[in-house]
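Trainee: Input: one structure, supplied below.
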């Protein structure tokens, strides 16, 4: 309600600031009886962690998660799961020089206008660092969905700046620092090295897919599955666009070719991206996002200071030249949280959740 | 919670089916003391109404709204405002032939899978007809926001099928059946006439803008203003993509040119679309959507029937060949509902809502 | 959120004023596939209806309910069920004389302070008439709970004014106008006749019981089953106290006799009222309420007018001398709504709902 | 939604188990700019703390609170305030002997039935220890309400077991271990010493009052101020009854004497307990609760074990013989949380919150 809780039945309340004592979240609504340990969560946190290559921020955070509650003798109890991550490498002095000015394209202006208070420590709460608790919560949702329905989540880079990345295979994603689904990332390395030297930043396009999806998830009229996916993705830092399935390519398409034909063996295409009328079809969910260039750059920009006078801003400190590079695990987490919440909601109203494409008989069960 | 309520503090609960007795909504949370009559609402409903040109469905619905509660002697009382629209022209027989099959690209398959029950009357609840109560509620929000802050909402068509429509002026929008911001719509007429003759349908791209926006609206971390806008827009029937500000063009942009510079006179650009860090900047909100082609077409498509056997589907009845044509007033309503909810939420937490760009002094008020 | 919605997964949004055009509600979240018609709802509305005996208000309202949505061919579809009750006998002139004054003990003072607007028509939204939509929604919940678990709800009068009513049998309740569980109600008739002649009003104590309750319903920590029951009951007009199980008698009790012993055959007592730690035990829920005397009486009271000057108030018009008399069906509805919501919530998190006392094996199922 | 969050605009999400690593909460929605430090919170925690007299559990917990987020340079920032309390004295071995049985009157039976998992460590999440985070959050609400409106909260003991305690003065409350509003507590000491020796436990009756209340808080229809108060109080461990104002004494009262008369100088009585029609009158809120005897006692009780076989239960370990003794600060916190939430909600819808009794002119402001 007050903005820092994601989901309703699997509700994740996020807290913390980039350079405060700690960040974390409380997960309320996790089903009881699931095996869960810190290791289950740490793996995804490590994929999102800063400092793992020269193409991302050099801040060194172990992001070690501690489970404070909700797990007893290795199993979830059905009570809130509190997750705590202590901040360790908060060099706030790096930000001292920006306290009196506003970075073009950055949230420091709007936070100041909204709250009348400014927390300059690494962007405070507007920092991308606050996606870590989201990733941690997403790991819990992923585990449950995989155990229950076999549902899995995979994200990858589709474009960095001008460099379009063809999709070769999910297998390549963990093998390069860009989460790129290609074997050869030399073009990306060249591009990013030049970008870093120029002191500039760039945007990115990413894609996330959920496989083995239950059918029937999503609520009419407003809380559609795709509406909640768009909410989740657009709420991720720096995102300016969201597409599901064919996305903006739908505009110039025709009805005679757009709708995915059905056959006894399944759908003949996935322009829908796995959602029709706001409800999952059982096909793969397929979602893309556009991420804008980071606003914290070494190139001077025109701006104003807190008294309203004109000034020039250069942002030193440690920043991602392409914030999209670390976004893949976050997208997976966000999509998993949306699916998890809808799976529980569907179970509440309709009593079961099933996976089948297209299983007509299933509908007679309800 | 169960999917049919939009917003939290200005909460709109929508009910009804396309061909049931009535559709409508209950608005809970409207501030007291605002003058309100059916006429305030009817104007927007008439803009969305079917049957107003040959380019939209020929169903003839007056969409006359009745205020059932929440208004006394012409003023809102602070209690729920129930709005009722009786359905009058529900020719259900048109749909008899589709009861046993699934239209490719249509929600009838997923509703069947979810609920185990099928309401074939005009798509039942999945019909775009259910946007009428949203438009009605949006009219109430628009009136309050205009009176309080001078905020206004304008939507227009940007592309129909392959025909890109340049932006000339908002003044043209009410003067043609396409909500196009151009003086000459002959190219659109030609395109749509050919489309109708072919029995096919097409997609569309639309844009909505909010002017005189209050600054500081939006909640970190998850309930960001842009996240809620994306939720609202993606939840509109047939939408497959949402962009805010520069949208997908951000991907190939650089930080040195992307972030909108600040000067004592205001922002020097609006690539942000009026939102930074999920909070409104006071600039215009600028949002675009992609709408897919209608799935109900006269051209035969491969499909299956409810027993799972292969079949061919042709949809007769009265349908919009480009459902985007009537989407402009709906987008305005949705954007107004999001802004309204965030204005009340901001007032709850921060005590005031103000409009100024960029008014540095204002931030010291809080 | 804005105060007029009851429940979260089985969410009832109530609208209307006592003397406006109509009252009603929208039920969001009802499971699909349940047979439902107006007759299922009308029976409980008729039990609550005014004008049925000389001991209640003589306002004559048929309270005929119309189902506007959510039901197709006699079955719920899983989409919102809108229920409409037109007001027919709203003699607003009766209230003209009270527009400028405040009745001691009545909500007209606080509504005026809160909203700055006054709807004098029968108390507007503060009228007990607004319990009719609650009763209607409760009838839907009752039907589902009975079909699913065999759960039933019974309320009765326990005391009117000074007259304590012993519990003889539920069978007597429908046979007298007081919902009294006794065969002989002559003492009550005498008391009420004298009360009416005096122009005064009195309080009442009522009790409601749910039988065949599922075990395990209720959420720790805050949304306990008993917490939500207390919320529901205290929210009923004129209620000033709520007890569960032993209630205030617990204060002078000892632990050695208070806790209900367990045996292989079940609990040996029900001082808990069917709830331990906020979660249902599977025993009967047992809840009592205290209702204050109606504030609209023929005896003059000291008060002030809207300018703040002293005045005297007498309330003519048609009022219940003991508003508790019609409260029994409302209590049943409220308790059913609470149980329904928790049953769905439990199903979401824990996957099943079961009924057994005490069935230890059951706990191993989860 | 999932049960562990209190409030909507000032939302407190509680986590932890009695004998896990830590307990705490996240407060979302606190207005920005308020001075806040650990010391503001610690004072109330110390009042609730165990081990402070021989009449309460001897568990020794410092209950030292750490603010993890939401405060920068001593002021709230408007972002979530996470509060952490490490458990230090969790002697789990004390509970080993009860793992296989169910205490009559205790939540261990219902938790087992609900979740299929049992956390025997000090009652796990059902422990009264989980009221500590509630008290911590309440301290934040209290501070804001006092600064903004001068509203203050006071609770006291009204009865322990059979010993009724007359109200003498709030000043006595901090001077004795019973929170009793009397100068001489020797009778209570005698009673409690005998109770402890007997190995038994007893119930209690407490009262809480809010002074300098804003007028107009509370939402019709369901989310009435008194409804939410009842929810809050009944949700407190071991509470079996809640009264507002005259409470159950209303049953035998008459309308001619019950409603509090109004005069230009204010109300002539407070039988309403400060609420009419669910909305605050501006008078003192006045609430009473009944607390049942603790179920963990040294006297043997009949019960069953987890296989369903009959057994006898004696609870050793450290327990409160009268859990009501430490309830006073918790009641204050709960009432403050309810008032805080409604103050923000009122500000959202009506734009201001004011304090005056009865200030007729105020209503014209809206």
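Glycine residues also receive a Cβ, built from the backbone N, Cα and C atoms like all the rest.
TrEMBL does not curate its annotations; it predicts them automatically.
Dumping what TrEMBL says about this protein:
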BINDING   D:48, D:54  NADP(+) binding site
BINDING   D:125, D:126, D:127, D:237, D:238, D:277, D:292, D:293, D:294, D:295, D:296, D:318  FMN binding site
Trainee: Can you name the binding-site residues among D:48, D:54, D:127, D:294 whose Cβ is less than 8 Å from some Cβ in chain C?
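Mentor: Going by the Cβ criterion (under 8 Å to chain C), the qualifying binding-site residues are D:294.
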Trainee: Name the secondary structure element type, per DSSP in three states, that contains residue D:292 (FMN binding site).
Mentor: coil
Trainee: Roughly how many Å separate the Cα of residue D:125 (FMN binding site) from that of residue D:48 (NADP(+) binding site), to the nearest whole number?
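Mentor: That comes out at 18 Å between the alpha carbons.
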Trainee: I'd like to know which binding-site residues lie near chain A: of D:48, D:125, D:294, which have a CB under 8 A from one of its CB atoms?
Mentor: D:125
Trainee: Give me the Cα-Cα distance between residue D:294 (FMN binding site) and residue D:54 (NADP(+) binding site), rounded to a whole Å.
Mentor: 16
Trainee: Relative to the Cβ of residue D:127 (FMN binding site), which residues of the same chain, six or more apart in sequence, are found under 8 Å away?
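Mentor: D:17, D:18, D:237 - these are the non-local Cβ neighbours of residue D:127 (FMN binding site), listed in sequence order.
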Trainee: Cα distance, residue D:238 (FMN binding site) to residue D:54 (NADP(+) binding site), nearest Å?
Mentor: 21
Trainee: Taking the Cβ of residue D:48 (NADP(+) binding site) as the centre, how many other Cβ atoms fall within a 10 Å radius?
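Mentor: Residue D:48 (NADP(+) binding site) is surrounded by 24 other Cβ atoms within 10 Å.
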Trainee: Give the number of CB atoms, excluding that of residue D:294 (FMN binding site) itself, located within 10 Å of its CB.
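Mentor: I get 28 for this one.
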Trainee: Please report the Cα separation of residue D:296 (FMN binding site) and residue D:48 (NADP(+) binding site) in Å, rounded to an integer.
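Mentor: Distance between the two Cα atoms comes out at 19 Å.
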Trainee: For residue D:54 (NADP(+) binding site), just count the other CB atoms lying within 10 A of its CB, please.
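Mentor: Counting Cβ neighbours of residue D:54 (NADP(+) binding site) within 10 Å gives 12.
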Trainee: With Cβ-Cβ distance below 8 Å and at least 6 positions apart along the chain, what are the contacts of residue D:292 (FMN binding site)? List them in sequence order.
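Mentor: Set apart from residue D:292 (FMN binding site) by at least 6 residues yet with Cβ under 8 Å, we have D:105, D:203, D:238, D:239, D:240.
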Trainee: Going by DSSP, is residue D:125 (FMN binding site) part of a helix, a strand, or coil?
Mentor: helix
